[in-house]
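These features come from TrEMBL:
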COMPBIAS  642-667  compositional bias 'Polar residues'
COMPBIAS  668-681  compositional bias 'Acidic residues'
DOMAIN    122-239  domain 'Calponin-homology (CH)'
DOMAIN    267-370  domain 'Calponin-homology (CH)'
DOMAIN    392-498  domain 'Calponin-homology (CH)'
DOMAIN    513-621  domain 'Calponin-homology (CH)'
REGION    629-687  region 'Disordered'
């Protein structure tokens, strides 16, 4: 694995308008069109830009031509990459003007990152720095660098090597990263730094961060708005970690019946926090409804009522009697300080309506004193709402995977958020572009049940077109929230996505379909060629529980990535867990975007074993494909038409027919059929 070098542009201003992810995407479009056309001119840009997702639904080809005609008088002017970028910016600027502002998005990191000046909120920066100083001050490695002075840019310099990012993720969700996999020394080379940043970004995805349009190079450059956006998500996940029924069963006090409990489970954590806040405010006699953490709390009244209700021993009417908002905010924080709840906010932040900092403030109040009691009459809700361990783990995996795709809708609960079919259509459009006819889709909010069924029927129809196993499945089954069926559908979606990625890497050679058995055989061959003895008989092989096979596979594709002095023989449960945790972190450090847990390896979860192996295979073949592309370009320059196929073309199994899947291929596919057979049996029994 070589150290990563980003796409560089000679004009610093132009470079600053794009993230590395955007530059790589646009560079790829530019190179492919220039290669195809030979001479690439301004006149060739409209059809190219019209196909870009950035302008899809905003401009058609003629409108783009009209925009470019105004900024480029000569349509025959040949286009280099910087001209291509400037033309892109001119069209995007018109798009922003047309929509009345920057593109809306459900995530800080999804907002448009071009042509817009990104001002840094100094209050938020100071708050996040304070959080880091507080939680990481005793870290053996970072303590020599802390505390960070929020008045300087030292924070952005410290985050560049990835160590702080990885450590903060472990504070937010303990155990996410095996810290033995982090490269920690005073001076890191570019290779080691890139490994840390790759580990950090993949782990951020694995705890629920939406990492869109950001790459390792962006963090290495210390881009303030991207760094703060990512750090704010990590801290938010930590602060809202207790806002669920598993961590805080007393939340059932907020609901009256099972239906209310189901609705509460489907809410985003910040919505649960609002519901909790309004629950106490209503009891305290506050007549208004708080619907956000900005305009609804900026006068400080709601906070005064809330703190009086939660901490009557510190209650005071001084804050309510104070007319000036800033003075009232000061009184509120004086009262909050008695509960150790002042870390994230200042009076000015309250008055200015800083949404992120107000949310952090309320979350801290909840954490320190939620004012809820465990009602024994409602413990039955908790029992009814609890899924079995395997179901919970699969729900978590699929939820994180969906959110990593960059869909417009953020999923908080798979079993609730997917029932209207809209998110499933978004996922299908991501994994199989063009498969969804959006004219037939009903966009949320959807009040009429039959509209939800229409969306889900469309999902089933597309699934069948993609050859998913959906026998006797109808859209209404999804609307009704059949968990087993939904997990079976999502598994097929995830598996299809991975197999398509692998197939696309082979498009320059034989173009054969990749099968589960191909993946297993590839892994066994890799390990054997690496001089190791481990072999996996199937993705159910109990020997996989030690984690040794996967560590040997990772070492085979990149010898330097595994530190064998840290690896155990995997004989005890504790040793297995150490190996499993290390395996996941090493795979993410390498570049694999995976969402499994150590328990999935220890228990040999067949589905997750396939995805883990396929992810390692994808990374390995991607490196080879990049190398082959370079070799092919060099060969083309010399007039050599020979193509390099290498290992990718040798993936098919000896004697296996492409049209006839082997028993190994069927193993995982038939599992969904079994789930559906059980569902059919239940339906027949009801009938």
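Placed from the backbone N, Cα and C atoms, the Cβ positions cover glycine too.
A TrEMBL annotation is a machine prediction, not a hand-curated record.
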The domain 'Calponin-homology (CH)' (513-621): DSSP-derived helix, strand, coil residue counts: 74 helix, 0 strand, 35 coil
Composition by DSSP (helix, strand, coil) of residues within the domain 'Calponin-homology (CH)' (267-370): 65 helix, 0 strand, 39 coil
Residue counts (helix, strand, coil, in that order) that DSSP gives for the domain 'Calponin-homology (CH)' (122-239): 77 helix, 0 strand, 41 coil
